[in-house]
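Q: Below is one structure. I have some questions about it.
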């Protein structure tokens with residue numbers, strides 16, 4: 001959101017269908033066309049360097065170890081910080097690109113093929129032949145009837161999401177990616193996997209256990225602790241599976257869990273990070289927008305887009321305003337106690353870098369741009385984005401100095417460029433690409449960084465490097481995949497189409513030009529694409545003299561209730577005009593500066 005002067009003040013709102021681009025959003029300026037072509041080819045080379053090495057040294061195991069040119073099997077370890085109850089016979093979970101389960105003919109244990117995860121990125125990069133080969137391979141060799149205890153959240157976003165997305169791409173009549181040999185095998189596999197998830201939801205609260213055995217269901221004495229993300233980030237994949245199969249159980253289970261989780265919010269509309277699925281009690285009250293809760297916010301807004309339920313928007317709107325009020329400090333987001341709103345941990349985490357991209361989805365461009373620039377400043381300082389940075393002490397966390405090739409900054413850069421057409425974001429993308437090639441590229445692929453102060457490498461190429469990091473960087477420079485297609489991307493980067501048949505009511509914002517107008521006697525005001533919420537705050541008049549005050553999503557409160565300040569960062573954004581407040585010489589926040 002931003003103001004522009006043209007005779008009188010006119011409020012212009014950039015409204016983007018989240019992750020939806022009905023036509024190519026590439027900048028028409030020919031000065032940048034050559035750079036975008038060059039950079040897209042550079043990212044393509046990165047992708048295939050990682051992919052070819054995976055196929056050579058790790059397939060069909062989970063992930064590549066690029067320094068030793070070997071493999072690691074990690075699906076059963078995801079979310080398992082203490083590495084407890086690991087299966088002895090498990091031979092792999094190749095997570096690196098579209099994340100689906102697979103099994104070789106000669107093996108009797110589960111392998112989660114990175115090959116499948118890669119196949120979705122292959123489509124985006126135009127390699128339909130390799131995509132078809134991956135789909136048919138999985139159709140022949142994949143099984144979920146294995147004795148493996150897996151994390152429900154991780155398996156949902158990586159495996160189920162990959163299967164559902166690949167099935168949709170494989171059956172897309174406009175692309176014809178698989179020629180005649182595809183008989184819905186991936187959907188059958190997804191349905192089988194979804195059924196194996198369902199016993200996890202058999203709890204007193206309806207919120208699922210974090211862990212489930214794919215063969216035997218919930219194990220005896222299973223832990224009852226889970227995360228907010230683990231309960232609130234299932235609706236996209238399981239909802240899509242219900243729409244594709246006609247079986248409502250998957251969506252119903254995910255929706256019941258989400259509703260129960262939302263009912264546990266505090267009076268400030270904040271949620272904690274960990275809870276007990278049997279008692280429905282919070283175990284950790286400190287929360288933020290990072291690990292343990294990040295995808296909860298992401299899935300609320302994207303579920304509204306994908307399924308058209310106003311319920312999801314109402315949840316997101318309340319949650320978003322709570323975040324802006326209690327977690328935000330200038331361009332940064334600290335953590336706070338869900339009960340009081342008091343700050344607990346002043347730290348930046350790399351997972352928080354997805355937030356500017358989410359803000360683009362609701363048209364809060366000013367806030368998105370501000371936060372993104374701060375994240376990138378930390379990237380520039382260290383060469384990559386460290387896992388944890390202590391804001392109050394302006395130093396790295398002493399034990400979490402690593403960078404595991406995470407995609408979040410690239411993801412937000414992709415969203416912001418397509419929202420603003422500001423070529424500065426292309427420069428950011430180029431800097432990210434150059435850093436990855438300089439610091440993490442090795443002969444056997446791309447390695448994580450163990451310590452950003454020394455750039456010491458770690459022998460691990462995470463699956464999301466191919467599934468998300470390379471994908472978002474490629475789409476930043478080449479968005480041809482998005483031409484004539486409306487998609488959202490799941491938290492693991494899997495594209496799902498926005499279909500009118502999946503909506504209870506397709507919002508006007510999606511047809512045909514992504515703009516919605518509210519007419520008044522004075523002028524037309526553009527409103528958020530996410531709802532009929534008017535920005536800035538205003539009074540909507542209905543029949544019979546009924547009025548409703550609608551608060552702007554751009555509103556950010558001042559740091560102090562008495563509006564005293566030391567610097568501009570102590571001031572928020574005005575709820576009425578959406579203008580940034582500043583600190584006066586007398587030390588009070590207000591609209592002192594003219595724009």
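Using the three backbone atoms N, Cα and C, a Cβ is placed for every residue, glycine included.
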Q: Looking at 83-103, 104-124, 125-145, which stretch does TrEMBL describe as transmembrane segment?
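A: In TrEMBL, residues 104-124 carry the label transmembrane segment.
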Q: By a simple count, how many Cβ atoms lie within 10 Å of the Cβ of residue 408 (active site), its own Cβ left out?
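A: I count 24 other Cβ atoms within 10 Å of it.
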Q: Out of the recorded positions 154, 294, 408, 491, give me the one sitting nearest to residue 387 (active site, proton donor) by CA distance.
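A: Going through 154, 294, 408, 491 one by one, the Cα closest to that of residue 387 (active site, proton donor) is 408.
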Q: Please report the Cα separation of residue 154 (active site, proton donor) and residue 491 (Ca(2+) binding site) in Å, rounded to an integer.
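A: Computed Cα spacing between residue 154 (active site, proton donor) and residue 491 (Ca(2+) binding site) is 10 Å.
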Q: Measuring Cα to Cα, how many angstrom lie between residue 408 (active site) and residue 491 (Ca(2+) binding site)?
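A: Counting only the Cα atoms, the answer is 10 Å.
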Q: How big is the gap, in Å, between the Cα of residue 294 (active site) and that of residue 491 (Ca(2+) binding site), rounded to a whole number?
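A: Just about 9 Å between their Cα atoms.
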